[in-house]
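Take a look at the structure set out below.
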Amino acid sequence: MSEKRVQPLARDAMAYVLAGGRGSRLKELTDRRAKPAVYFGGKARIIDFALSNALNSGIRRIGVATQYKAHSLIRHLQRGWDFFRPERNESFDILPASQRVSETQWYEGTADAVYQNIDIIEPYAPEYMVILAGDHIYKMDYEYMLQQHVDSGADVTIGCLEVPRMEATGFGVMHVNEKDEIIDFIEKPADPPGIPGNEGFALASMGIYVFHTKFLMEALRRDAADPTSSRDFGKDIIPYIVEHGKAVAHRFADSCVRSDFEHEPYWRDVGTIDAYWQANIDLTDVVPDLDIYDKSWPIWTYAEITPPAKFVHDDEDRRGSAVSSVVSGDCIISGAALNRSLLFTGVRANSYSRLENAVVLPSVKIGRHAQLSNVVIDHGVVIPEGLIVGEDPELDAKRFRRTESGICLITQSMIDKLDL
């Protein structure tokens, strides 16, 4: 565990991670797992970033709400996040939807996923609640956001990104005054309001909220009693507080964690196949925008004990090699050539195969003479010998999930349907 000094505010906070969503825009990649459980970066899962931020910030009480196809997520959390100790006033609770308030009601929204577990949260008596989305890639020290929340006297503090106005139409957007107090909260506006003094940019919600716990519990109980509510933070809880209380925006630039190699605040919603592929492939750059090698802010995860990667054969046309690539443990590159690709644990790439701009999830087997470019290959897929992907857009679209930008998602069920 990191030796980072635990700050007083973080010690009195509980992080609550919302990890129940499917992430339907990832298509078949989330057929068997929730979006927060999707693999990322060669070793981790998406949820590990929010959890690592909480841990590295000094927060030692964490709850994770799960719902959609949660088995792989729960298994990952049990294996990788079981080091919290009650005798040190630490806790880590996995909170699957379990009809705690009604025999017919699962989690009906993001706010409801917290409300249904009030009886678990309140005995811990945290002074502050940090509500987090479990499906974004970023590094952030929540201690700074907690400090702003206390200093401002806000009822809620909302983490925000500064984005170009015309790129903010897909977000919940904060209309703020000169003190970053939120005047209005607008969900996916056609004409987003600009930031005072910087009108070309807007403040977009990151789905991160800080509350005093007592205030949040009262707000959740009031919302649960409203039959017209959709039980959602963004649609119900936050707009109510903006209208009747005090809401303040916290700018991500003020708390993002950057190493010496990271020049701009890094935050990604990897909710589409294109965005997921791009964020992984970006890690193969000489100096990537996201530094996952920063030892001062480690990304904690469950890591199997595996042998190291191995590259074999050195013939002219059969050389095990990798250029500008990330290759994880237990991979064997047997006479295959990789270029600008990212391989997770346990991949086997056999002789004469070629991979370029490929994101390959764990335990994939690449047959001889396969030629694959601009692909995401799902866990455990067996690529047949001689398969070519990335050269014929029309054929690729018939066989696989091909995006408009030309990225192909390949799953085992798609391979099984091929007429080879």
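Numbers run from 1 along the shown chain.
Yeah, the Cβs are placed from backbone N, Cα and C, and that goes for glycine too.
In three-state terms derived from DSSP, TYR107 (alpha-D-glucose 1-phosphate binding site) belongs to neither a helical nor a strand segment and is classed as coil. Look at Swiss-Prot and you will find TYR107, GLY172, GLU187, LYS188, SER205 tagged as alpha-D-glucose 1-phosphate binding site, backed by sequence analysis.
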Site diameter for alpha-D-glucose 1-phosphate, Å, by largest Cα distance between TYR107, GLY172, GLU187, LYS188, SER205: 23
Other CB atoms, at most 10 A from the CB of SER205 (alpha-D-glucose 1-phosphate binding site): 23
Count of other CB atoms lying within 10 Å of the CB belonging to LYS188 (alpha-D-glucose 1-phosphate binding site): 12
